[in-house]
Amino acid sequence: MSMFLDTAKISVQAGRGGDGMVAFRREKYVPNGGPWGGDGGKGGSVIFRVDEGLRTLMDFRYNRKFKAKSGEKGMTKGMHGRGAEDLIVFVPQGTTVRDAETGKVITDLVEHGQEVVIAKGGRGGRGNIRFATPRNPAPEIAENGEPGEERQLELELKILADVGLVGFPSVGKSTLLSVVSSAKPKIGAYHFTTIVPNLGMVRTKSGDSFAMADLPGLIEGASQGVGLGTQFLRHIERTRVILHVIDMSASEGRDPYEDYVSINNELETYNLRLMERPQIIVANKMDMPEAQENLKAFKKKLAAQYDEFDDLPMIFPISSLAHQGLENLLEATAELLAKTDEFLLYDESDLVDEEAYYGFAEAEKDFEITRDDDATWVLSGEKLERLFVMTNMERDESIMKFARQLRGMGVDEALRERGAKDGDLVRIGKFEFEFVD
């Protein structure tokens with residue numbers, strides 16, 4: 001059995017920017033050489049690229065951590081450190097990427113060669129050549145490199161198919177796919193012969209072509225996990241037309257109309273939007289005894305569920321085994337596809353908003369102040385923490401610069417308003433210092 005994996009959880013971490021360098025020009029005949037430390041190189045980003053040759057997420061079963069390289073440190077003579085190469089991660093077509101913490105959709109990768117930056121590499125820290133001023137012509141200040149983005153991701157593969165086959169097990173879905181395409185799904189006279197999705201390309205006599213997916217059979221209660229559950233129904237979400245295959249011979253003792261209602265209930269329970277897709281009812285096994293009588297009863301029950309002004313779903317009697325009625329079914333499917341647009345997979349609320357909106361709004365706080373049980377003041381906030389990690393705490397001038405930045409952000413004043421006294425401990429991350437009033 002071929003291994004098929006359509007979900008995965010991974011972590012990605014972009015590379016850190018290289019540290020800037022503190023250096024001075026010391027050459028004969030060059031008095032007052034001045035600062036000469038270069039900037040660090042940028043960290044590598046993590047980029048997802050679509051590869052049409054991949055069919056599953058199997059590559060992510062054991063390799064779950066992806067980390068790009070960091071940029072090189074700045075060098076003397078004002079030379080920049082080398083930037084790190086981006087890490088390219090190949091994914092199959094139809095991969096949806098979500099943020100594991102928020103559940104938001106980051107991107108939907110459907111085209112071969114499509115690339116998306118999933119985690120951006122940090123910028124390189126500036127060398128001391130960048131901090132020279134008339135007041136301080138020989139600064140001993142350099143920045144650390146910026147940390148790269150780190151994310152926990154959920155990958156979900158939904159195969160790209162125009163048409164999806166649904167129905168109870170052993171109604172003939174795999175046989176139908178095998179006779180209308182070059183696909184070779186496993187076929188057997190027992191339930192759940194198909195345990196992974198199969199995909200085949202179908203070409204009609206008129207020259208139209210489309211992709212058809214055969215999904216593992218559903219049974220009543222699948223939405224509650226009975227049988228194989230609905231774990232593979234995600235693959236039908238990209239389809240535009242559903243072929244609902246029914247065993248009209250009732251060879252297993254079930255009523256064909258009850259089968260039809262049960263499967264539609266499972267589709268609706270899984271995702272209401274699946275019922276928006278047009279359905280064609282495929283009355284299979286019409287070469288079997290009692291199939292004609294069952295089809296008449298099926299049509300009568302179906303008509304009773306619709307108003308006289310409603311359009312009934314199209315019904316095509318076929319026999320996959322005897323190759324009967326297939327041409328009409330495929331031509332009708334192609335015509336329905338031609339006039340059916342793609343369906344929206346996600347609500348706007350599910351998507352990560354990457355657009356920028358400009359207008360008057362209250363500025364977000366640059367920092368937050370809390371107090372631990374041990375009476376230590378704790379500073380946090382994205383901007384403040386970013387400034388902190390880019391500060392070289394081994395150099396006094398860099399520390400003094402960071403203190404000025406905190407003062408400029410209003411941290412000192414905010415601490416006083418909260419009741420901080422001279423000598424109180426203040427913590428940023430794991431770094432502690434005394435508050436000086």
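Cβ atoms here come from the backbone N, Cα and C positions, even for glycine.
Some features that Swiss-Prot has for this protein:
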- 2-160: domain 'Obg' (DOMAIN)
- 161-338: domain 'OBG-type G' (DOMAIN)
- 167-174, 192-196, 214-217, 284-287, 319-321: GTP binding site (BINDING)
- Ser174, Thr194: Mg(2+) binding site (BINDING)
- 359-437: domain 'OCT' (DOMAIN)
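Taking the features listed in Swiss-Prot, we show where each one sits on the structure.
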residue	record	DSSP (3 states)
Gly167	GTP binding site	coil
Lys173	GTP binding site	helix
Val196	GTP binding site	coil
Pro216	GTP binding site	coil
Lys285	GTP binding site	coil
Ser319	GTP binding site	strand
Integer Å distance between the CA atoms belonging to Ser174 (Mg(2+) binding site) and Val196 (GTP binding site): 11
Alpha-carbon spacing, Ser174 (Mg(2+) binding site) to Ser319 (GTP binding site), which is rounded to whole Å: 13
Local confidence of the prediction over the domain 'Obg' (2-160), expressed as mean pLDDT: 93
Residue counts (helix, strand, coil, in that order) that DSSP gives for the domain 'OCT' (359-437): 30 helix, 17 strand, 32 coil
Densest Cβ neighbourhood among Ser170, Ser174, Ser319 (binding-site residues), 10 Å radius: Ser174
